[in-house]
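Peer 1: So TrEMBL lists the following for this protein:
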DOMAIN    6-423  domain 'Enolpyruvate transferase'
BINDING   K22, N23  phosphoenolpyruvate binding site
BINDING   R97, D319, M341  UDP-N-acetyl-alpha-D-glucosamine binding site
ACT_SITE  D121  active site, proton donor
Amino acid sequence: MSTFIVEGGHRLDGEITPQGAKNEALQILCATLLTPDKVTVENIPDILDINNLISMLCEMGVKVEKISPNTYSFQASDINLDYITTPEYIKKSASLRGSVMFVGPMVARFGYAVLPKPGGDKIGRRRLDTHFIGINKLGAEFEYNTEQHAYEIRANELKGTYMLLDEASVTGTANIIMAAVLAKGTTTIYNAACEPYIQQLCRMLCRMGAKIEGIGSNLLTIHGVESLHGTTHRILPDMIEIGSFIGMAAMTGSHITLKNVSYNDLGIMPDSFKRLGIELQVKGDDIVIPQHDGYEIDTFMDGSIMTFADAPWPGLSPDLLSVFLVVATQARGSVLIHQKMFESRLFFVDKLIDMGAQIILCDPHRAAVIGSGRLNSLRATNMVSPDIRAGIAMLIAAMSARGTSHIHNIDQIDRGYENIDKRLNAIGANIMRVSN
Ligand SMILES: CC(=O)N[C@H]1[C@@H](OP(=O)(O)OP(=O)(O)OC[C@H]2O[C@@H](n3ccc(=O)[nH]c3=O)[C@H](O)[C@@H]2O)O[C@H](CO)[C@@H](O)[C@@H]1O
Ligand SMILES: C=C(OP(=O)(O)O)C(=O)O
């Protein structure tokens, strides 16, 4: 377990380029299993979750070549199906959420997959019903193996069908798409998740020979094909990292430029920051955040207190609410943060309260923040990062606080943010990494 020692009060100044998107990369790397041909992927983030997934692919027999720091090629021409029944595979799967998306491609191409309990953030119940029901509807059978503590999934043949998903699950939709592209006949997925990362997956699959209609909508029609071939794909910039940097810049009174953000793929996020009182200038495909001496939270048009709530795309991502929450503590005005999707993601506010923030945790899903308008800057403290996004929120709080804070368990931050300490120190932060 490593620790960040963060000296607060330093303003940032300069340019920063967002990393490739973690949650897109997890889907795309799993999709490389769908073809025996070579697939080259650019802009892969160098983060713990992705490196773990790549090492699992290697152990499954995928030939992985690192072409440059963020570009790899993958060739799944000779897969060792025995590996996926080993205790090692089961243990590694439990270290990240993305491993759940091996199921769709494996069952589509090899008729066999093993699904141990996947890992990922411990942020409340994270059910997999959508994955199971969808893949089962395509004709695969799930059987729980009590010795392995994992499901075995078998299918002689997958057959296209109509399905209305019980919820617009992101990884569930990706898994079902990856199974359906090689199924016989036509699959219709209604209530599909449709965020840019799912769109990117669909576009890559189409370049590999898949036939998918309705990309970008919640109604996908997939005409199954016999086989897929190789391609090259570039991962989008990580919208959650972009949002984290916007919030960090405002809260620390910094002037920074975010380079090449793929603005049109950011959805409602930039406007949501504007409603928090943060000024953003869009220059080409860059976002400039000018130095803020203060910012004031908007109200709704009827004058009532603003709420930021998560919703499936094109709503606001749940992964950004921890950032909105911490940034609101130093705004003028009040806001309700309503985390509808996950029930254990707001408990980190206790630490912000210790630092002097005015927050009432109304229940596990809702926190009311009374911004102090920088009258009382936060005080440094010691904290433990419980999940990726609480971790980055704690880092933002520490960077804006008076004094030196310690953030333990920063592996949680490293799961999703590439070399965050080095990249922020390069533009003026003072963050020291200590390995315990
Ligand atoms: C590896 C990866 O890509 N992880 C992301 C993915 O996780 P993941 O794919 O696991 O999340 P899901 O989309 O399945 O669901 C997230 C949560 O929202 C609930 N839910 C979902 C859809 C819906 O219409 N109503 C609803 O209540 C689910 O029950 C669950 O509690 O999507 C989440 C939601 O954007 C993000 O937080 C995760 O970062
Ligand atoms: C919840 C997240 O990730 P995961 O689904 O990988 O746990 C996240 O990225 O905020």
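A Cβ is built for glycine as well, from the same backbone N, Cα and C atoms used for every other residue.
Annotations in TrEMBL come from automatic prediction, not curation.
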Peer 1: Comparing the recorded positions D121, D319, which residue's C-beta has the most other C-beta atoms within 10 angstroms in this structure?
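Peer 2: The residue with the densest Cβ neighbourhood is D319.
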Peer 1: Which one is closest to D121 (active site, proton donor) in space, judged by CA to CA distance, out of the binding-site residues K22, N23, R97, D319, M341?
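Peer 2: So, of the listed binding-site residues, the one sitting closest to D121 (active site, proton donor) is R97.
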Peer 1: Cβ-Cβ under 8 Å from N23 (phosphoenolpyruvate binding site), same chain, 6 or more residues apart: which ones?
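Peer 2: Within the chain, N23 (phosphoenolpyruvate binding site) has Cβ neighbours under 8 Å at G98, V170, Y197, D238, I240.
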Peer 1: So how far apart do the UDP-N-acetyl-alpha-D-glucosamine binders R97, D319, M341 get, largest Cα to Cα in Å?
Peer 2: 16
Peer 1: Tell me, how many other CB atoms lie within 10 A of the CB of M341 (UDP-N-acetyl-alpha-D-glucosamine binding site), whichever protein chain they belong to?
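Peer 2: Result for M341 (UDP-N-acetyl-alpha-D-glucosamine binding site): 19 other Cβ atoms within 10 Å.
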Peer 1: Roughly where does the domain 'Enolpyruvate transferase' (6-423) sit in mean pLDDT, to the nearest integer?
Peer 2: 96
Peer 1: Which residues, same chain and not among R97, D319, M341, have a CB within 8 angstroms of the centroid of the CB atoms at the recorded UDP-N-acetyl-alpha-D-glucosamine site?
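Peer 2: So the extra residues in range turn out to be G120, D121, I123, R126, V170, S317, P318, F342.
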Peer 1: Provide, as an integer number of angstrom, the distance between the C-alpha atoms of M341 (UDP-N-acetyl-alpha-D-glucosamine binding site) and K22 (phosphoenolpyruvate binding site).
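Peer 2: Rounded to a whole number, the Cα-Cα distance is 19 Å.
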Peer 1: Round to the nearest Å and give the CA-to-CA distance linking R97 (UDP-N-acetyl-alpha-D-glucosamine binding site) with K22 (phosphoenolpyruvate binding site).
Peer 2: 11
Peer 1: Which recorded positions among N23, R97, D121, D319, M341 have CB under 6 Å of ligand 1?
Peer 2: N23, R97, D319, M341
Peer 1: Using a Cβ-Cβ cut-off under 8 angstroms and a sequence gap of six or more, which residues of the chain neighbour K22 (phosphoenolpyruvate binding site)?
Peer 2: P45, I47, D49, I50, D238, I240, R415, G416
Peer 1: Provide the number of Cβ atoms within 10 Å of the Cβ of R97 (UDP-N-acetyl-alpha-D-glucosamine binding site), excluding the reference atom itself.
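Peer 2: 19, counting other Cβ atoms within 10 Å of R97 (UDP-N-acetyl-alpha-D-glucosamine binding site).
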Peer 1: Work out the three-state DSSP category of M341 (UDP-N-acetyl-alpha-D-glucosamine binding site).
Peer 2: coil
